[in-house]
């Protein structure tokens, strides 16, 4: 009587059925947890945006009323009104305008950070936007005795980017540099790059403790928790996020071969 065919040899490297099933279940559980965490984060972002929208609306309503009555007073005020009255009315109007601007900036920051902001990407010349940001920082730099120097090295004439956001990012970079630069020092803004890619470097003397010298990404900066540090960190997050939304990046390192240690921030688009 012929013998039955021998069973194929088992694979010694194959996991037992129970172990393979356990691994599959663990992977499925991890995937489900990741999906749940992502959905929870999206819901939290939506709730935050909803809260900000309601808050902005609630804040704008009384501001619009104050602005309307200020306009009425402006039309009724006599030409020979006392100077204190004129200054008081101007102060009210300026205060309302500043509050309205702060509300809009708050909403804009939220939109930038969650990626929902609409960018006006077009082919632009980068130099005018950067020069406008430097001009805007001129008074603050003069008050600290800091000299702003703009240099171009093989800079691209045209790039695809959002001109207003490029100016905003440069303003934020200069604000941070001015906050940490010693008095009577120099901040150098260098525009360089390739034919179709922008590299913007802002270099100043390193007067900020705790700066990593290994080229660590700028987003890895730590904060001491005080309001100025928190504002600076929000500024860095905005720059990084705006750069990423335009296909770019942000990095920071310490220039070691300088006569004086210098911090160099590079924005690449």
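Note that Cβ sites are derived from N, Cα and C of the backbone, with glycine treated the same way.
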Annotated region 'Disordered' segment (source TrEMBL; candidates 209-229, 230-250): 209-229
Segment-level pLDDT (mean, integer) for the domain 'Histidine kinase' (54-269): 81
